Amino acid sequence: MAFMGTSSAVHPAILVILDGWGYREQTDGNAVAAAKTPIFDALKASYPFTLIHTSGKAVGLPRGQMGNSEVGHLNLGAGRMVPQELVRISDAVEEGTLLSNPELLRLCRTVRERGGKLHGVGLVSDGGVHSHIEHLFGLLDLAKREGFETLFIHGMSDGRDTPPTSGVAYFEKLEARIAETGFGTIATLGGRYFGMDRDRRWDRTEAMYRVMTETGPGTGKRASETLRESHAAGKTDEFVLPVRLAAGAVEPGDGVIYFNFRPDRARQLTRAFVQADFDGFVRPYLDPLAFLTFTQYDATLPVAVAFAPQSLDNLLGQVIAHHGLRQFRIAETEKYAHVTYFFNGGIETPLPGEERSMIQSPLVPTYDLKPEMAAREVTDHAVAAIETRQYSLIVINYANPDMVGHTGNFDATVKAVETVDACIGRLVEACVRAGGTMLLTADHGNAELMWDEQGNPWTAHTTNPVPFILIESEGLKIPGWGTDVQLRAGGSLGDIAPTILEILGLPQPAEMTGRSLLGESEIEIRTPRSPLRVGL
């Protein structure tokens, strides 16, 4: 389809995603409440506001399961509740169909014929964001049933989607399962900071890769013991240094099963193993190596996939492209995949008329050292994109509340929230000048809960709702002004895409089963009047 020319300015719909900015009435341990947010407060008081659900069944997860950025952006872009891989794989484990998965059986057969070893790689916790320990238990059952002497486990400790020192309990559970069944070997251990980097910090990936591939007897210690020693030395689960515990290196002829189901933090380590032309760091190419991932991490990777991607049609970006309209996506490195790959339903290639901008995240060990991250640079480029007046849809992600919130540093998270608040103000001004409509929301909670009831740091996401504010501009308006409009209550992330389509005057496809948050409101042209000024 031909794209609309830019000779006549468009009135954009601007979706601003405040990653990890949840809503919670209690102020104790609430970095959002503690922060000075004059822009957000003024917008909330003067424009249509509601709370939306971002966790559990509302976004395709099990009841009570906290949301995350992948799930959030997938639901945002799809305009519907999308059943998640966590549920899909858990059902396969529970129902026993994992044991007959054709791709898993094919890999096992190949490795047996070569006389190789079988390895399981992934995050060992029940956080449910990247993996689940029950999936590893299912894999142990499969490997034993397929006649392998053992499954060599290369386990990564969490401490990010779970409490910072909870890894001991997870690895004790794994050790107990191994002792009970007499099957399985924890060969290596390392914090997710190393094995699950997604920001091209190749030195981190290399540290995990080396431990997994270099031969040796290991320390002979239990994983749980090693974690306790790490905690005593001041390193929480996320930052445990990679170490070999027992013999069982990944070697040519072996098979590797990566049991994480979320792609973004599993890609780098996978590439190091399977890409012949890999250049992240110098390493010998292990060939032959049978490699399988639980889900599709990247369609270009030469790996088998146990659970093929589900097809999603008529997503928001596709509808925009189908109508010949232009769109713009922007985020810093840490969240770039979310506004592109995940927002587009797991498709890497840009849509027709879709332009992207990735701003480099600061190169610091942890983001509490620079809570501003790249928010100001993201805002600079976003404002410039708005001012071109050529994009009908602009999607912006601010990573700060989530990424700094994950560090557990309360004061730094407060500063992160305040940084984003100032950036929102600049976006509002640009939106006003462009005559656009801004939809301000979040993908899940995090920064609103920084410690638990016992006063321990809480670094994981939450099940709290998130704010949704509809910010009107001049020209194209929602009927009513300010608090006159009552947005529909009880909505979820899948309802935002239908809301955007209604604002843009585009038909909602049948596959998009979410419901517009505008309720009975209708779009109309109104007499221009000065929009709210928020002290900018």
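Backbone N, Cα and C atoms are what each Cβ position is placed from, and that goes for glycine too.
Residues or ranges marked as active site, phosphoserine intermediate in Swiss-Prot: Ser69. Within the same chain, residues at least 6 positions away in sequence whose Cβ sits under 8 Å from that of Ser69 (active site, phosphoserine intermediate) are Asp19, Lys335, His338, Phe342, Asp402, Asp443, His444.
If you look up Swiss-Prot, you'll see Asp19, Ser69, Asp443, His444 marked as Mn(2+) 2 binding site.
According to Swiss-Prot, the feature substrate binding site maps to His130, Arg160, Asp161, Arg192, Arg198, Arg262, Pro263, Asp264, Arg265, Lys335. Classification of Arg198 (substrate binding site) by DSSP places it in coil, neither helical nor stranded.
A sphere of 10 angstroms centred on the C-beta of His406 (Mn(2+) 1 binding site) encloses 22 other C-beta atoms. The Mn(2+) 1 binding site annotation in Swiss-Prot covers Asp402, His406, His461 and is backed by sequence analysis.
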Exercise. When you put His406 (Mn(2+) 1 binding site) at the centre and draw a 10 Å sphere around its Cα, which of the binding-site residues His130, Asp161, Arg265 have their Cα inside it?
Worked result: Asp161
Exercise. Given the binding-site residues His130, Arg198, His461, and counting only Cβ atoms in the protein chains shown, which has the most within 10 Å of its Cβ?
Worked result: His461
Seminar exercise, completed: Rounded Cα distance, in Å, between Pro263 (substrate binding site) and His461 (Mn(2+) 1 binding site) is 18
For this session: For Asp443 (Mn(2+) 2 binding site), just count the other CB atoms lying within 10 A of its CB, please.
Result: 31
Problem set entry | Residue pair His130 (substrate binding site), His461 (Mn(2+) 1 binding site) - Cα distance, angstrom, rounded | 13
For this session: Provide, as an integer number of angstrom, the distance between the C-alpha atoms of Arg198 (substrate binding site) and His461 (Mn(2+) 1 binding site).
Result: 18
Exercise. What's the CA to CA span in angstrom from Arg265 (substrate binding site) over to His461 (Mn(2+) 1 binding site)?
Worked result: 16
